[in-house]
Structures are given as C-alpha cells and as structure tokens.
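Engineer: First the structure, which I've put down as structure tokens, then a few questions once you've had a look.
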Amino acid sequence: MNFLQVAQEVIDGKIISNEEALAILNSKDDELLQLMDGAFAIRRHYYGKKVKLNMIMNAKSGYCPEDCGYCSQSSKSTAPIEKYPFITKEEILAGAKRAFDNKIGTYCIVASGRGPTRKDVNVVSEAVVEIKEKYGLKVCACLGLLKEEQAQQLKEAGVDRYNHNLNTSERHHSFITTSHTYEDRVNTVEIVKKHGISPCSGAIIGMKETKEDVVNIARALHQLDADSIPVNFLNAIDGTKLEGTKDLNPRYCLKVLALFRYINPTKEIRISGGREINLGCLQPLGLYAANSIFVGDYLTTAGQEANSDYRMLEDLGFEIELTQKQEAAFC
C-alpha cells in the first residue's frame with residue numbers, strides 16, 4: 001500500500017475503505033515512517049506545524065456510580081485515588097490562570113459522575129464567564145451525560161467545547177460498561193451539537209478491542225462529525241477491571257494515530273491519556289499525525305512535565321497555537 005498516494009487521495013476528498021484502514025493497522029513496522037509521512041502530509045495540509053495545547057482541571061474526583069472498566073473513579077474500582085466533591089469557582093479560575101500563564105489555549109473542566117447537578121452547571125457557568133473575560137481561553141467542559149437545558153446554559157455562559165467520548169466501538173461497548181449505553185453517549189454529543197457547542201469525542205485504545213473495533217470507532221467519530229478527537233491509550237490502573245492489560249506497543253500506537261488522521265483528515269486529533277507510557281520514546285512521532293496534546297497531569301494519573309513537552313515541540317520545529325490574549329502577552 002502506497003501511504004503517500006493514499007494521503008494525497010484523502011486530501012483530495014477520498015474516504016478510505018475499511019480494507020485500507022485495516023491495512024494501516026496491519027502495516028509492517030518497516031513501513032512506519034512512510035505511513036507517518038502520509039499522515040503528516042494530511043496534518044500539514046490542514047494545520048501546518050501548529051500544535052494546540054490543552055490542560056485538564058479535575059473538578060470532581062471519584063464518587064462515580066458508573067462501572068467503566070478502565071476508570072479508577074468508577075464505583076467498581078478499588079484504586080487508591082484522591083476523592084473530593086466539586087471544587088469552587090475560585091479553584092477553577094486559579095487553574096485557568098495557570099493554563100494561561102503556561103501558554104495553554106484550551107482549558108478543560110472535567111468532573112466525574114454520570115452527569116452534572118444543577119449546582120455543578122451553575123459553578124462551571126459562572127467560572128466560564130470570568131475565564132473568557134480575564135484570559136480569553138477556549139473552554140471545554142466534560143461533565144458526563146448532559147440534558148438539553150444544561151447544554152443551553154453552558155452555551156450561554158461561553159463554553160466552546162464539550163467532551164463526551166464514545167471510548168470504543170458500539171460492538172465492544174458492553175464489555176467496558178453496562179451502567180449506560182453507547183446510545184447514551186451518542187445522544188449527549190448530539191445534544192451538544194444541537195445547542196451550538198463544538199463536539200469533542202474520542203476513544204480509548206488498548207481495552208481488548210479488535211482492530212476492526214478501532215476502525216469502527218474512528219469511522220463513528222467521523223460520522224458524528226466530532227470537531228476534536230482525543231485518542232487515549234489505556235493506562236491500566238490497578239484496582240480497575242482492566243488492570244494488568246498490556247496490549248499496546250509504541251509502533252502500534254503510532255499506526256492508530258495515523259489511522260485517525262487518515263479517516264478524520266480535517267479534525268483536531270489530540271494525543272491524550274496514556275501517551276507517556278505507551279508511546280515512550282516515540283512520542284514526538286505522534287505529532288506528525290496529531291496536532292494537539294494535553295499538557296500536565298490527567299484525571300488520576302501523572303503526565304509528563306510541561307517543560308519536557310515544550311522542549312519536544314521546539315525540537316520538532318512545531319509552533320504552539322496561542323489565543324489572542326496570549327499572543328498579546330507573550331509575543
């Protein structure tokens with residue numbers, strides 16, 4: 001398979017077939033650089049060499065009634081994590097200031113649970129109004145399953161993006177969780193879109209899914225028209241259903257990132273949780289397919305130090321995408 005030729009066809013508007021998608025995942029390691037070259041051709045065409053930086057604020061940790069097999073915050077998990085209720089508006093604002101000062105363009109307010117309470121949405125909404133005024137950051141909320149009126153309130157407050165991952169294929173979903181359905185997740189993304197909030201939805205790779213499942217989730221996100229697609233790689237935490245699962249290697253992770261770029265050529269592809277332990281020394285290559293990363297810690301696991309990420313981007317010759325207020329402050 002000539003990956004560079006397929007990449008050009010994708011740029012010209014082609015949608016790759018399932019056979020071509022599986023050929024990417026099944027490609028030989030000797031073909032990896034050609035595959036990434038093709039992925040970079042697509043990425044460069046739509047995004048140049050800019051990289052979007054994102055930071056997570058874990059606004060509520062633990063106490064989740066859901067049974068997601070990958071999650072240390074699940075009701076079924078025995079992982080020894082820090083647990084706390086929804087944080088204050090002032091704490092959210094303090095995190096936004098850290099994001100601004102560290103050249104993070106998108107600030108992600110994330111909370112555990114099936115869905116937010118009225119109070120949760122009020123706190124986030126009040127914080128977002130001030131964040132937009134003081135720092136001009138793009139704000140992404142990730143609060144669980146969302147109702148129509150909650151989506152409308154978040155939109156009016158200024159929330160730019162809402163994250164609700166599909167996580168895996170429809171076929172594999174019941175293996176990961178039984179406390180909510182695949183359709184529940186799709187419906188939340190559709191509600192977000194209906195109310196004019198940019199949809200963010202992605203996947204977790206390495207949860208005992210097949211390669212066909214990986215292709216199906218990448219294609220489902222294309223059909224859902226998610227603007228931003230976080231690609232997580234399982235960090236199997238002790239105490240969760242998937243503890244001890246080690247199905248990934250760095251080369252396969254790169255093939256997955258390339259696949260998501262070939263199937264979703266115009267979208268923001270973000271290398272997300274688990275990149276440090278699963279991509280290892282090959283992390284920099286991931287940005288030849290992806291154009292976005294998380295900086296700092298994740299929800300209950302540590303990330304790479306921010307200075308290491310900035311150095312990686314500088315070594316690659318990539319440029320951090322700043323907000324208008326950051327450009328005024330730092331340029």
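Residue 1 is the first one shown; counting continues down the chain.
Using N, Cα and C of the backbone, Cβ positions are placed for all residues, glycine too.
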Engineer: Say Swiss-Prot lists Cys140, Cys200, Arg270 as binding [2Fe-2S] cluster: which of Cys108, Cys253, Cys281 is in the same site, per that record?
Structural biologist: Cys108
Engineer: Can you check which residue among the binding-site residues Cys64, Cys68, Cys108, Cys200 has the largest number of Cβ atoms within 10 Å of its own?
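Structural biologist: Highest number of other Cβ atoms within 10 Å: Cys200.
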Engineer: Pop the Cα-Cα gap between Cys71 ([4Fe-4S] cluster binding site) and Cys200 ([2Fe-2S] cluster binding site) into the table, whole Å please.
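Structural biologist: With the alpha carbons as reference points, the distance is 19 Å.
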Engineer: Would you list the other residues of this chain near [4Fe-4S] cluster - those whose C-beta lies within 8 angstroms of the C-beta centroid of Cys64, Cys68, Cys71 - in sequence order?
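Structural biologist: Filtered neighbour residues, in order: Glu66, Asp67, Tyr70, Ser72, Gln73, Ser74, Ser75, Ser77, Ser112, Thr177.
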Engineer: Just the number: how many Å between the Cα atoms of Cys108 ([2Fe-2S] cluster binding site) and Cys71 ([4Fe-4S] cluster binding site)?
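Structural biologist: That separation, Cα to Cα, works out to 18 Å.
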